[in-house]
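Report on the structure given below.
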């Protein structure tokens with residue numbers, strides 16, 4: 001049995017798609033277990049860029065199956081749009097498998113997300129307004145519509161009718177918005193269910209059987225640890241558990257199944273939306289990093305907030321996700337810089353701390369304590385091994401690993417799959 005999980009070590013957008021695509025070429029199965037179409041990932045294949053939000057990155061390379069687990073919330077329109085695009089580009093999509101227990105993002109969930117965010121005014125949290133939060137709310141309230149419900153016409157109609165009664169009360173009486181009509185939703189979504197049927201199975205059984213048979217299974221995390229609903233910068237977080245524990249519940253398997261948990265990070269830090277960000281750069285250095293790395297959201301197109309590497313946040317991610325291997329991306333961005341800074345601790349009310357505070361008020365008062373390292377002039381995008389990198393780049397990598405307390409397993413020096421330096425094969429235990 002070989003089970004490797006890839007989780008975001010920062011606030012998402014760390015480049016998980018690239019490393020999962022790289023690792024999936026040796027996997028029989030690639031599994032996604034949380035989030036929805038709020039979690040974009042970009043894959044470069046032979047110079048062609050694919051931007052996806054729902055389909056697992058492993059669709060390109062995993063030999064047996066690319067799996068959407070029960071913890072994922074699915075927007076059928078988005079999913080079929082991605083499938084159509086893949087098929088037009090010659091990608092085989094027949095190996096997609098969808099959990100019969102996954103929840104469906106309904107039109108009223110998208111509307112509720114939009115109305116709630118609008119009503120918050122200045123207190124908005126920066127949601128993508130894709131209906132992710134309300135769908136997880138429906139799930140927790142036990143009124144959610146699952147994939148298996150879409151396949152049963154009578155069940156689907158009954159649940160939809162009841163849910164619309166509840167949602168329309170909210171829309172008309174609280175938000176002053178128009179009610180939604182059953183006939184505008186039912187036929188379209190039932191048809192989605194029929195189109196989805198050929199992909200649907202009990203993915204918990206599928207994945208656990210593969211592990212029992214000694215197959216290599218890759219688990220793709222979505223978003224990042226600092227967006228986890230319990231361990232992140234609450235309330236500026238997503239609606240699901242993005243840590244490694246969420247992978248287990250989001251596919252239906254025991255925690256003892258995971259052998260390796262790889263934490264993916266950038267050589268700096270980014271964040272989209274509102275919320276505390278201790279190392280944020282609001283100067284020309286931040287602009288330079290953003291422009292060099294094209295730091296704009298895959299889903300929203302919004303400019304990402306940019307900051308120096310934060311080892312305090314990554315140590316927090318290591319602890320709560322059990323990270324035992326580090327995958328660092330976008331090292332090439334710092335070619336031509338004079339210096340690089342790493343946050344080693346915070347200063348809170350005159351005291352040095354090395355933990356990540358739960359209190360937002362404390363976080364906003366935290367000042368980063370920096371260590372400065374020299375950068376390098378050389379173009380490193382053709383580097384194939386660690387020794388090909390300039391001495392200063394190697395020193396930076398060693399210091400990151402030392403501060404986080406986790407060995408590096410891969411280093412990315414460019415966007416293409418092959419621009420990856422492997423220090424340790426994650427599939428080898």
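Every residue number used here counts from 1 along the chain in the order it is shown.
Keep in mind that glycine also has a Cβ here, set from the backbone N, Cα and C atoms.
Per Swiss-Prot, the feature active site, proton acceptor maps to 13; the stated evidence is sequence analysis. The annotation active site, proton donor is assigned in Swiss-Prot to 41 on the grounds of sequence analysis. Residues annotated as GTP binding site in Swiss-Prot: 12-18, 40-42, 304, 330-332, 412-414. Under the heading Mg(2+) binding site, Swiss-Prot lists 13, 40. The IMP binding site feature in Swiss-Prot is assigned to 13, 14, 15, 16, 38, 39, 40, 41, 128, 142, 223, 238, 302. What Swiss-Prot records for 298, 299, 300, 301, 302, 303, 304 is substrate binding site, and it gives sequence analysis as the kind of evidence.
Features recorded in Swiss-Prot, as mapped to the structure shown.
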residue	record	DSSP class
12	GTP binding site	coil
18	GTP binding site	helix
41	active site, proton donor	strand
301	substrate binding site	coil
331	GTP binding site	helix
413	GTP binding site	coil
Sparsest Cβ surroundings (other CB atoms within 10 Å) among the recorded positions 18, 41, 302: 302
Neighbourhood of residue 304 (substrate binding site), C-beta criterion under 8 angstroms, separation at least six: 13, 270, 271, 272, 290, 295, 296, 297
When distances run from the Cα of residue 302 (IMP binding site) to each of the binding-site residues 18, 40, 413, the nearest one: 40
Distance from residue 223 (IMP binding site) back to residue 12 (GTP binding site), taken between C-alpha atoms, in Å: 4
Number of Cβ atoms other than its own within 10 Å, given for residue 331 (GTP binding site): 24
Neighbouring C-beta atoms (10 Å sphere around the C-beta of residue 40 (Mg(2+) binding site)): 20
Using Cα positions only, nearest of the recorded positions to residue 413 (GTP binding site) (38, 41, 223, 301, 303): 41
Of 12, 15, 301 (the binding-site residues), the residue whose Cβ has the fewest other Cβ atoms within 10 Å: 301
